[in-house]
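Enquirer: Residues annotated as active site, acyl-thioester intermediate in Swiss-Prot, with sequence analysis given as evidence: Cys177. What Swiss-Prot records for Arg74, Gly75, Gly76, Asp77, Val78, Thr79, Phe80, His81, Ala146, Ile147, Gly148, Gly159, Phe160, Ala161 is substrate binding site. The domain 'BPL/LPL catalytic' feature in Swiss-Prot is assigned to 29-216; the stated evidence is sequence analysis. The annotation site 'Lowers pKa of active site Cys' is assigned in Swiss-Prot to Lys143 on the grounds of sequence analysis.
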Amino acid sequence: MIQVLNLGHVDYTTAQQLQTTLVDLRKRGVIQDTLLLLEHSPVITMGRNAKQKNIVASQEILAQRGVELIECDRGGDVTFHGPGQLVGYPIFDLRSLNPKIGVIEYVRRIEEVLIRSCGDLGIPTTRVEGLTGVWTVNEPQAKIAAIGVHISRAVTSHGFALNVTTDLDYFKLIVPCGISDKPVTSMQHELGKSLTLEEVMPVITRNFGFIFKEQVLWLESLNDLLPTPEDLPARAPETLRRLHEDDLHLG
C-alpha cells in the first residue's frame, strides 16, 4: 500500500523536517510507504555532490528574486524548486517491496513513473544514458524532471521534481544538476498549454501504483498520516507541529 498526501504549498525547510519525521516513523513501522506531493516557494537546493560554481547568480540576485539557498542530504548537484513544479517525496521502505530493490532500481522506477506519466499527458520522454532524470525525446533533448534521493537504512526520502508550469527563467540562476549542455523544459512549454498540478497528480499517483505494484490510498490530510500529535518527536520543529495542528483544525 502506498499512502498519498497532497500537502499543497510547503516551504522547503518544513518539508525537510516533515520528511525526517516520516522517515523515522517508517523505520519503526508506524506508517506505511507514503508519497508526499507538494509545491515549494522558490529555492535552490545543493545536494551532497553540489559544486558552488554551478550557482551562477550572486547572493544579491537571489535575494532580489526571492530565492532561498539551502543545502540538503539528497544525492546530486544543484537544482531549483518553485511554483508550478510538482515535487514528490516518496518515504518508502525498500525492504518492504516484493521483491526488495536497491537504490539504482529504485531511481529507475521513479524515472519510469515519470516517463509513463508524461506520455499519458501527451509528452514523449526518455532516459539519457549516464544521466539521472527524465528528458524529452525531440532534439534538443531537454530535462523535464529531476531526481535526487537519500536512503537511510533502506528508507527513502527526497525524490523528484517535475516541471509543469515552472518559470524556466529561474534555471538561468544555476547550472541545473551540473549539466551545462542540455536545456530545461516544462510540460507547459512542450504542450503549448497550461496544466494544473492537480491534473498531473492523479496520473503520477496511478503510475506509482502500477510501477511499484502497490495499491494507492489518498489521504485527506496530515492528520490521517499522523493520527495524534504524540506521533511527532518530542522536540519536533514548531513549523511541523503547526502544519499538523492546521490539519487538525481543518478536520
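Cβ atoms are placed via backbone N, Cα and C, with glycine included.
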Enquirer: Given the binding-site residues Val78, Phe80, Ala146, Gly148, which one's Cα is the least distant from that of Cys177 (active site, acyl-thioester intermediate)?
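Expert: Considering only the listed binding-site residues, the nearest one is Val78.
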Enquirer: Restricting to the record's substrate-binding residues (Arg74, Gly75, Gly76, Asp77, Val78, Thr79, Phe80, His81, Ala146, Ile147, Gly148, Gly159, Phe160, Ala161), give me the longest CA-CA distance in Å as a whole number.
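Expert: So the maximum pairwise Cα distance among the substrate binders is 15 Å.
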Enquirer: C-alpha of Val78 (substrate binding site) to C-alpha of Lys143 (site 'Lowers pKa of active site Cys'): distance in Å?
Expert: 14
Enquirer: Sequence gap of 6 or more, Cβ distance under 8 Å: name the residues on the same chain that satisfy this around Arg74 (substrate binding site), in order along the sequence.
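Expert: Long-range Cβ contacts: Thr45, Gly47, Arg48, Gly148, Val149, His150, Ser157, His158.
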Enquirer: If one measures from the C-alpha of Gly76 (substrate binding site) to the C-alpha of Lys143 (site 'Lowers pKa of active site Cys'), what distance in angstrom results, rounded to a whole number?
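Expert: With the alpha carbons as reference points, the distance is 15 Å.
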Enquirer: Counting across all protein chains present, how many other Cβ atoms fall within 10 Å of the Cβ of Lys143 (site 'Lowers pKa of active site Cys')?
Expert: 23
Enquirer: Which number gives the other C-beta atoms within 10 angstroms of the C-beta of Ala146 (substrate binding site), all protein chains shown included?
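Expert: A count of 25.
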Enquirer: Under a criterion of Cβ-Cβ distance under 8 Å and sequence separation of at least 6, what residues of the same chain contact Phe80 (substrate binding site)?
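Expert: Listed in sequence order: Pro42, Val43, Ile44, Thr45, Val67, Thr166, Tyr170, Phe171, Leu173, Ile174, Pro176.
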